[in-house]
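What Swiss-Prot records for this protein:
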- 1-105: topological domain 'Cytoplasmic' (TOPO_DOM)
- C25, C28: Cu cation binding site (BINDING)
- 106-125: transmembrane segment (TRANSMEM)
- 126-134: topological domain 'Extracellular' (TOPO_DOM)
- 135-154: transmembrane segment (TRANSMEM)
- 155-166: topological domain 'Cytoplasmic' (TOPO_DOM)
- 167-189: transmembrane segment (TRANSMEM)
- 190-193: topological domain 'Extracellular' (TOPO_DOM)
- 194-211: transmembrane segment (TRANSMEM)
- 212-357: topological domain 'Cytoplasmic' (TOPO_DOM)
- 358-380: transmembrane segment (TRANSMEM)
- 381-416: topological domain 'Extracellular' (TOPO_DOM)
- 417-439: transmembrane segment (TRANSMEM)
- 440-726: topological domain 'Cytoplasmic' (TOPO_DOM)
- D669, D673: Mg(2+) binding site (BINDING)
- 727-749: transmembrane segment (TRANSMEM)
- 750-753: topological domain 'Extracellular' (TOPO_DOM)
- 754-776: transmembrane segment (TRANSMEM)
- 777-790: topological domain 'Cytoplasmic' (TOPO_DOM)
Amino acid sequence: MPAAIVHSADPSSTSILVEVEGMKCAGCVAAVERRLQQTAGVEAVSVNLITRLAKVDYDAALIEDPTVLTTEITGLGFRAQLRQDDNPLTLPIAEIPPLQQQRLQLAIAAFLLIVSSWGHLGHWLDHPLPGTDQLWFHALLAIWALLGPGRSILQAGWQGLRCGAPNMNSLVLLGTGSAYLASLVALLWPQLGWVCFLDEPVMLLGFILLGRTLEEQARFRSQAALQNLLALQPETTQLLTAPSSIAPQDLLEAPAQIWPVAQLRAGDYVQVLPGVRIPVDGCIVAGQSTLDTAMLTGEPLPQPCQVGDRVCAGTLNLSHRLVIRAEQTGSQTRLAAIVRCVAEAQQRKAPVQRFADAIAGRFVYGVCAIAALTFGFWATLGSRWWPQVLQQPLPGLLIHAPHHGMEMAHPHSHSPLLLALTLAISVLVVACPCALGLATPTAILVATGLAAEQGILVRGGDVLEQLARIKHFVFDKTGTLTQGQFELIEIQPLADVDPDRLLQWAAALEADSRHPLATALQTAAQAANLAPIAASDRQQVPGLGVSGTCDGRSLRLGNPTWVQVATAKLPTGSAAATSIWLADDQQLLACFWLQDQPRPEAAEVVQALRSRGATVQILSGDRQTTAVALAQQLGLESETVVAEVLPEDKAAAIAALQSQGDAVAMIGDGINDAPALATAAVGISLAAGSDIAQDSAGLLLSRDRLDSVLVAWNLSQMGLRTIRQNLTWALGYNVVMLPLAAGAFLPAYGLALTPAIAGACMAVSSLAVVSNSLLLRYWFRRSLNHSVSV
């Protein structure tokens, strides 16, 4: 199966996804990104800790075989392979390592922890189990913990050290290894009087595995939205094998065979039974039913459908059997496009993450340096400056008894070397680069998933961050603030030509156009039962009009300036109506007056944005009087309207606003909005808009409702707030806990951490970040329930 390669507009530039197993912290991410960026031909790299994917942009002329990328990654000690399918509907949710295996490791570690603890409890209760109070017994337990449930962690840590890319596992290896080696020395040479740390490796690995198992479950839950989307695609369907030989009226009862959905092709006929999801985008050729389209469109009520209607993959057939001719299958369906957009959004990093990445890239080196300094300081200067710390007990340590058993008492004094070793180990295991690495991607993962559930497709975490900072919203008029369903209310002839012929010419020039004004002219011609005529040499100029030849006449249809006909005075119409002018080479021929209605939710959306301190403007290519009339209907002042603007001038207007320091969001739907959408800090396109507008936008509102703008803005602000909370926690945790573990509070307050407690703190830290990101689901849904419905 070919690798999932996506070619960009640049023929020499290629993007590919690489699955990377074994990454545990931000240090792992930084190591992979650094190694790939050093590879000749690689242009850009983005590695996601949550999805365990690396997106690599590279020059295909310099890298002919992309497996060289996986070779570079495996050289760091990680397992890597190219993603082998570009159909997002067939891709499993990353779950590495499997939760089942991790739970087994946790169960073994918990058993060892209980057995180890029982020796202490039995000693306290004066009823120890035979042998459990012996240090050799605990030495064997520690070996079992290290080589059993802890083996994968220690192996990954050693690989990181060996390859020059130390990570979280490397810190655990150094901490547990140091504790165990020191304990062996104490066990083999009891005359040294050293304390044994034999319970520390067991407790430390138990806490770490508990934290990672809970963290893995939380990660899996954070991908719930993507899982829900994937679940909309059935695996099999009923395929009609020879539909051409079956009469149309017999298609519903024709025999069918079970067929894998992944093997369907355009032109296939499928039967869809009641209670089954539709597997393809296509057209109904037999039957009528009702469909549940809520997951894709947000429409809560079942929608009737009949022969000739188009349906989308993932919608649920509710009542009767249907036969559908497939038009788009697999990766070409609308559902696949949504899943792909969500997956790509989760892969793209928010700018705020660069700060965490900059720290995490050298975090492990810094921790190792702090641990070394801690050991050196307390072994020499610290114990001399504050000798009283040597008289303080070190809680949780096992000490030698003369009979090679163990006690839970503490010696009255410790050697400086013992104190230094204890604190250095605590520094190694308390540090948490995991929290830094998880702070941003977990929040983005949850936020983009929530957005998808609301029919909002976000291009990436960077778009969410930009949207959260937006305070200036600019709306296109036609099809955005209005319904885009124009009605021709008047034909005003300006020359001696039959009005029906004028309408035929206008409809011919606008044939095949999706613009709302064009649709209105075509609909009016059909309603008048006018025979369609052909137009040749048609040429569309976005935002201005269209030209062509009809009945031997060279015609232009569009705004009066563009049709370039000198006239003393243009006729006037309704202030709220939109005009389209038809002219030939000599004169104006007609003016078509069309009227549109505002979207029902437009006024409330505009007022809701303004009530939250946002500035709202209208930017339109329509007449000034028409745009101002709409603004007044929406409660906006005439000063907020900029009308009669060409497409390139729209982009210039957005650029001018942003040059004043304002981050601007542009909401539009047409071809003429594409330059402005691309220029704005955040471009927002409605689903009914043109393909060019959708491609230029960072946000796509698939439910084609303006209130989705409010939902997206609210979600982006909540998501950014969650990211900041996560980063504050991750940084604050390390800023506080590293000095505490290093003994900074030991002389004055007698506060320090044992390695086991340090390991527990580390596990709790990363779990707190993931849990806080999951809370975003709760707070967002609560905000939806308490927000004003528009």
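Placed from the backbone N, Cα and C atoms, the Cβ positions cover glycine too.
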| remark: Here the binding-site residues are C25, C28; the one whose Cβ sees the most other Cβ atoms within 10 Å is C28
| query | Taking every residue in the topological domain 'Extracellular' (126-134), what is their average pLDDT? | reply | 57
| note | Across all protein chains shown, the binding-site residues D669, D673 give the max Cβ-within-10 Å count at D673
| Other parts of the chain folded back onto the topological domain 'Cytoplasmic' (155-166), taken as Cβ under 8 Å at six or more residues beyond its ends | 22, 24, 27-28, 31, 34-35, 75-78, 172-174, 364-365, 368
| query | What does DSSP call D669 (Mg(2+) binding site) in the simple three-state scheme? | reply | coil
| query | Under DSSP, the topological domain 'Cytoplasmic' (212-357) has how many residues in helix, strand and coil? | reply | 56 helix, 38 strand, 52 coil
| said: What does the DSSP secondary structure composition of the topological domain 'Extracellular' (750-753) look like, as residue counts for helix, strand and coil? | reply: 0 helix, 0 strand, 4 coil
| field | For the topological domain 'Extracellular' (750-753), distant same-chain residues with Cβ under 8 A (at least six beyond the ends) | value | 389, 392, 394, 422-423, 426, 430, 737, 740-741, 743, 761
| said: For the topological domain 'Cytoplasmic' (155-166), how many residues does DSSP put in helix, in strand and in coil? | reply: 8 helix, 0 strand, 4 coil
| request: Could you measure between C28 (Cu cation binding site) and D669 (Mg(2+) binding site) for me? Cα positions, answer in whole angstrom. | output: 42
| request: Please state whether DSSP places C28 (Cu cation binding site) in a helix, a strand or coil. | output: helix
